[in-house]
Amino acid sequence: MKTSAELREQEKPPASPRANGPGRLGHARGRGPDALRGGAAGPGRVSTGELRERKMAPHGPGSLTTLVRWAAALLLALGVERALALPEICTQCPGSVQNLSKVALYCKTTRELMLHARCCLNQKGTILGLDLQNCSLEDPGPNFHQAYTTVIIDLQANPLKGDLANTFHGFTQLQTLILPQDVNCPGGINAWNTITSYIDNQICQGQKNLCNNTGNPEMCPENGSCVPDGPGLLQCVCADGFHGYKCMRQGSFSLLMFFGILGSTTLSISILLWGTQRRKAKTS
């Protein structure tokens with residue numbers, strides 16, 4: 001007969017070989033926590049520590065490609081910003097060109113033109129149309145000459161003051177000028193093919209070439225020629241090889257003689273002043 005102690009020993013479950021054996025747990029303890037999670041590190045297997053290091057390490061070719069893309073995007077942004085840099089006259093008045101204005105119509109019906117702020121520009125950034133209507137302008141402003149390449153200009157609904165005759169120097173391409181009703185077209189009827197007056201504006205259309213219409217052939221000297229310089233304006237330009245008053249001097253302008261005379265005169269005045277100041281210093 002077995003005693004009660006022997007019976008209790010018999011009822012106990014057998015010990016697990018994993019927990020007691022020489023074991024796997026003993027070997028796992030020797031290899032550290034990575035061995036417990038992922039097993040022994042061997043060929044073809046990666047421990048958790050190595051995997052973490054690989055995730056933190058930057059990818060060589062990939063990171064270089066990313067940097068190149070960021071640099072290209074930055075250069076593109078700078079190029080677009082530079083391309084969109086407008087002349088000051090285009091942003092002189094807030095807002096943009098009205099859709100029903102003649103400048104907008106001209107820009108939309110002409111190929112390769114685009115509207116930016118108050119200007120109509122070609123692909124090279126040249127101003128071909130300018131709409132400054134209703135901008136409370138008493139005069140076109142100091143930046144107005146930036147638009148000398150324009151074909152059409154709208155200045156209606158502005159309290160313009162003074163004579164605009166000399167405002168359009170160099171505007172030789174201007175063909176349509178829209179002004180307030182009480183402002184005269186520069187140059188008058190002799191400078192335009194048609195001048196049409198409406199209730200709220202006045203339109204000057206078709207700039208004339210005064211050099212062809214003038215009745216005085218002796219306006220320019222013999223060695224000069226007449227050149228248009230804007231509506232109602234012209235200038236005389238000397239022919240090649242001539243210069244000076246009334247283009248009467250022939251040959252190129254002598255820079256050597258000019259600077260020689262200027263230099264000798266300056267030196268003589270400097271010596272004279274130095275001598276007088278030295279004499280005053282001795283007497284004092």
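Note that Cβ sites are derived from N, Cα and C of the backbone, with glycine treated the same way.
Annotated compositional bias 'Basic and acidic residues' per TrEMBL: 1-12, in sequence order.
Long-range Cβ neighbours of Cys247 (disulfide bond) (same chain, at least 6 residues apart, Cβ-Cβ under 8 Å): Pro221, Glu222, Asn223, Gly224, Cys236, Cys238, Ala239. What TrEMBL records for Cys238-Cys247 is disulfide bond.
Residues or ranges marked as domain 'EGF-like' in TrEMBL: 207-248. Remote same-chain residues near the domain 'EGF-like' (207-248) are listed as 165-166, 168-172, 174-175, 177, 185-188, 190-193 (criterion: CB distance under 8 Å, separation of at least six residues from the stretch ends).
What TrEMBL lists as region 'Disordered' is 1-62.
Annotated transmembrane segment per TrEMBL: 253-274, in sequence order.
There are 18 other Cβ atoms within 10 Å of the Cβ belonging to Cys238 (disulfide bond). The DSSP breakdown of the domain 'EGF-like' (207-248) into helical (H, G, I), extended (E, B) and coil residues amounts to 7 helix, 13 strand, 22 coil.
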